[in-house]
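Below is one structure; the comments refer to it alone.
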Ligand code: GLP
């Protein structure tokens, strides 16, 4: 797990956008896993800028979103399909037919979950999965107690998540109580994960995710079992990490490798 700490959400989002852009440039036919919420907004606006100003080409990219609220039509302003169109898809040259957001109005969620998994497999699996994190340590809508092997399915939102998301719906009462979500097992199968977290309200969840035990009570902690995870944090979200000094060491080691300058080797 690589932990990158930037001074601000803006700097962290630019860093994350560079990682996504590098993949899209190297592998124009690729599959991205995308997330919603306030956290990835700046990442998406940076990708839009890169598309508009630098010609970053999404024409052959396929996307799969993590989750969707049950019952909301795509035209609902709080649906995750609406969010993705407004904040990313409508501003880049992705083919909308290659963008997938779970259908919150599916009638048979068990069958639909299997179908979504099959669609991901048919697309060759997810190359890079963008993730945010809930204040209770959830990824996608895998609330505490979700099986770490879970697949795409229905989940009931935890009271903490309902409270967190009430700001988007105007009241707690209006927040859907059910969502269809990729499982932790689905997310662990993506080849790379890129988790973003900003703000002090994420600091406890981030410390538990990175330095706590692997537990279904903090589903993001399952990422410790993944072979390639990058966490991009701002200072506030990183504030409760005990091994901060080491993460900074790793970053300066990466810079040394990039420049080829190893200070402990005397120049001849
Ligand atoms: C929701 C989404 C998650 C997201 C989380 C955090 O629960 N299902 O994918 O990570 O919210 O949202 P925010 O980025 O707004 O803090």
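Every residue, even glycine, has its Cβ placed from backbone N, Cα and C.
Counting only same-chain residues at least 6 apart in sequence, those with a Cβ under 8 Å from the Cβ of residue 67 (active site, proton acceptor) are 36, 80, 102, 140, 141, 179, 180, 181, 182. Marked as active site, proton acceptor by TrEMBL: 67 (among others).
The Cβ of residue 136 (active site, for ring-opening step) has 19 neighbouring Cβ atoms from other residues within 10 Å, across all protein chains displayed. Residues or ranges marked as active site, for ring-opening step in TrEMBL: 136 (among others).
Residue 138 (active site, proton acceptor) falls outside any helix or strand according to DSSP and counts as coil. Here TrEMBL flags 138 (among others) as active site, proton acceptor.
What TrEMBL lists as active site, for ring-opening step is 143 (among others). Non-local neighbourhood of residue 143 (active site, for ring-opening step): 134, 136, 155, 156, 157, 158, 161, 219, each in the same chain, at least six residues away, with C-beta under 8 Å from its C-beta.
According to TrEMBL, the feature domain 'Glucosamine/galactosamine-6-phosphate isomerase' maps to 10-224.
According to TrEMBL, the site 'Part of the allosteric site' annotation covers 146 (among others). In the structure as shown, the Cβ atom of residue 146 (site 'Part of the allosteric site') sits within 10 Å of 23 other Cβ atoms.
Non-local neighbourhood of residue 153 (site 'Part of the allosteric site'): 109, 110, 113, 180, 181, 183, each in the same chain, at least six residues away, with C-beta under 8 Å from its C-beta. In three-state terms derived from DSSP, residue 153 (site 'Part of the allosteric site') belongs to an extended strand segment. Taken from TrEMBL, the feature site 'Part of the allosteric site' applies to 153 (among others).
Neighbours of residue 155 (site 'Part of the allosteric site'), defined as other CB atoms within 10 A of its CB across all chains, total 23. Marked as site 'Part of the allosteric site' by TrEMBL: 155 (among others).
There are 13 other CB atoms within 10 A of the CB of residue 156 (site 'Part of the allosteric site'), with all protein chains counted. Look at TrEMBL and you will find 156 (among others) tagged as site 'Part of the allosteric site'.
Under 6 Å, Cβ to nearest atom of ligand 1: this is the test, and of the recorded positions 67, 143, 153 it is passed by 67.
With respect to their backbone Cα atoms, residue 146 (site 'Part of the allosteric site') and residue 138 (active site, proton acceptor) stand 9 Å from each other. Under a cutoff of 8 A between CB atoms, and with a sequence separation of 6+ in the same chain, the neighbours of residue 138 (active site, proton acceptor) are 144, 146, 158, 161, 219, 220. Within the model, the domain 'Glucosamine/galactosamine-6-phosphate isomerase' (10-224) carries an average pLDDT of 97.
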